[in-house]
Amino acid sequence: MTIIHISAECYPVAKVGGLADVVGALPKYQNSPDITSQVIMPFYNNKFTKENVFTTIYSNQISLGNRLIDFNVLMLKEKPLDFDIFFIDIPELLFKDYVYSSDDTERFLGFQIAILDWLLVWEKYPDIIHCHDHHTGLIPFMLQESYKYEAFRKIPNILTIHNAQYQGWFPHLKVGLIPPFNFNHVGLLDWGGTINPLAAAIKCAWHVTTVSPSYMEELKLAANGLESLLSSESDKCSGILNGIDTDVWNPETDHYIVKNYNIKTVKAGADANKKYLCDTFNLDFEKPLFAFIGRLVGEKGSDLFPQVFKQALQNNNINILLLGSGNPFVEEELKTLKNDYIGTYNAYIGYDEKLSHIIYAGADFLLMPSRVEPCGLNQMYALRYGTIPIVRSIGGLKDTVIDISKENGFGICHNNVSVLEITKAIDRGVALYENQSEYKKIRKSIMEIDHSWHVSAEEYIKLYKSIN
Ligand code: ADP
Ligand code: GLC
């Protein structure tokens, strides 16, 4: 069975968030003697493409409306990844130093058309086309409706929704950019009067998955306008929890962290990483360290951070360290706060892969007060590194973290996203930290929880077989 994953991000090539981690790991865990799982992604102008050598395996032009645009398909010449990866190089549209921007309609439509044009010349078509998020959402529609791609009608395709907040909307005026199709079916593209690639994919894909079972249920109630669509299509929808790449995220071998460790050596290992963080960010090693890593957007509850941090630092003897970027207003507030809490609070505004690993290893608690969290990988990384997650029970967080008050509980959960509830959850963390024997017991137990991809990768394979 040949599977192709189509995505805008894939670790280690280009990463904005968890989508990259998933697409960079799932194919590796799907590959077996009977299964070839591959990735197709855009060729960006970034560190990875600068540092690697590529060969061109195909060149042609796509029609985007009335423009003819050159494209190439590239492969890595040396240093292969653990799975085959193909790059769609459209210099005019995709070769930029960013992944997402305001001109994404043309960029990702060009990407999707180039992929299908190239697939037309494949000797043997793939058995499954697996699309990820709205940037690839017009593929299920084009496979079903565009005259040019009639040969693909029988290829089963799947859409995985990593985040339904973003849907890729564009006006009907641009419908001419899509290769000609039966115009009687133009309604498949529409949701609420505009072209909505995510909605079109939900309608046309053979199956739709979300990245956790709870998120699937939540989307039927709140999906940024797509609730009724997801309810009416629910027969072909299911939730499959993401896994984590336990080769990359392994405290015993992680080359980013200051000192490696395992369950037996966690105290010394975590302490060395915490010491590095405290020295680097002028924090107090003796106090518990609460950290946040992520995008500073409303979904993550980040607009409340300035208030929450002030309150928590006033109430308790703790450190807080934040790594993230996003909303410029929140960024500014978080920077300003540094002056008021020198020695117990710090923030690195930006993106830093290495630092994120050291924080998972060195922090005592990881904060995730998300308003929306389709899956969330951070809490699973934290668990593997022995850092206790403090989460709002929603989406994948609800599916992966059990509160310490419950049987076999190991995390701290709260139900609402408010300054009061988040600070109360931090207070509970402080109380747990003060009970060092209990804290240490939990730290060891969470490192043993298995969130590796093996189970979920297999679930996807079963799903492919069921629709093939
Ligand atoms: P989302 O995809 O919604 O951002 P996830 O929890 O699925 O959330 O995944 C986020 C991924 O991005 C994790 O690998 C996390 O470590 C990483 N990440 C987020 N922000 C940063 C940052 N500022 N620096 C380094 N890594 C980050
Ligand atoms: C999205 C979601 C996040 C999820 C990730 C990977 O970015 O916001 O919750 O973990 O995709 O599926």
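Every residue gets a Cβ built from N, Cα and C, even glycine.
In TrEMBL, annotation is done automatically, which means it is predicted and not curated.
Residues or ranges marked as ADP-alpha-D-glucose binding site in TrEMBL: K15. DSSP classifies K15 (ADP-alpha-D-glucose binding site) as coil under the three-state reduction.
Taken from TrEMBL, the feature domain 'Starch synthase catalytic' covers 3-231. On the 0 to 100 pLDDT scale, the domain 'Starch synthase catalytic' (3-231) averages 97 in the predicted structure.
Per DSSP, the domain 'Glycosyl transferase family 1' (285-433) is made up of 67 helix, 35 strand, 47 coil. Here TrEMBL flags 285-433 as domain 'Glycosyl transferase family 1'.
Same-chain residues at least 6 positions away in sequence with a Cβ under 8 Å from that of K15 (ADP-alpha-D-glucose binding site) are, in sequence order, E9, D21, G24, E353.
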